[in-house]
């Protein structure tokens with residue numbers, strides 16, 4: 001019997017210029033792209049891989065500059081199985097704005113929301129103005145204490161040096177598959193009612 005292949009949707013969020021598209025490009029093409037023009041409009045790629053001995057199609061969405069215009073809508077979030085939430089470890093504003101991005105996720109989603117926290121540009125040496133690891137750990141703890149997610153997975157990455165790029169997407173894919181399996185199970189055992197009455201831990 002031919003193995004069924006599952007489509008998993010991962011959405012990348014974060015402020016402009018934190019390096020989301022560089023990570024996106026590196027994961028797809030295996031290289032860092034210098035002098036890349038500014039991204040405009042959403043884009044996505046589909047990559048086939050094996051997760052937990054299961055063949056899946058990973059659909060990863062990149063906002064590509066849309067965040068500058070707050071041009072998001074429920075359809076963009078619909079069906080997401082995991083998020084990668086990005087900030088620049090040298091940019092205070094991008095770190096503070098993680099709260100805004102979490103609000104967007106919670107606004108459109110229900111239940112325990114799987115996501116991976118991603119600190120970018122780790123190839124640049126930290127300074128006194130960089131976000132300390134202690135602050136990042138505290139942010140993760142606060143999210144866990146609020147019950148938004150059981151455990152925050154955090155990676156410091158560099159698309160330029162190929163640091164943790166594949167690793168973060170491997171974890172995101174695993175979390176997405178776990179979420180997909182839970183939602184699929186609930187949809188089987190629970191009658192499907194009106195959209196506003198069904199809260200199964202996915203975006204609607």
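Glycine residues also receive a Cβ, built from the backbone N, Cα and C atoms like all the rest.
Note on residue 17 (GTP binding site): other Cβ atoms within 10 Å of its Cβ, all shown chains, come to 16. Among the features that Swiss-Prot reports, GTP binding site is placed at 14-21, 62-66, 120-123, with the record citing similarity to another entry.
Feature annotation from Swiss-Prot assigns S-geranylgeranyl cysteine to 203 (among others).
Sequence annotations record features per position, and here Swiss-Prot assigns S-geranylgeranyl cysteine to 204 (among others).
According to Swiss-Prot, the feature motif 'Effector region' maps to 36-44, an assignment based on similarity to another entry.
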Query raised in the report: Around residue 122 (GTP binding site), how many other CB atoms lie within 10 A of its CB?
Result: 20
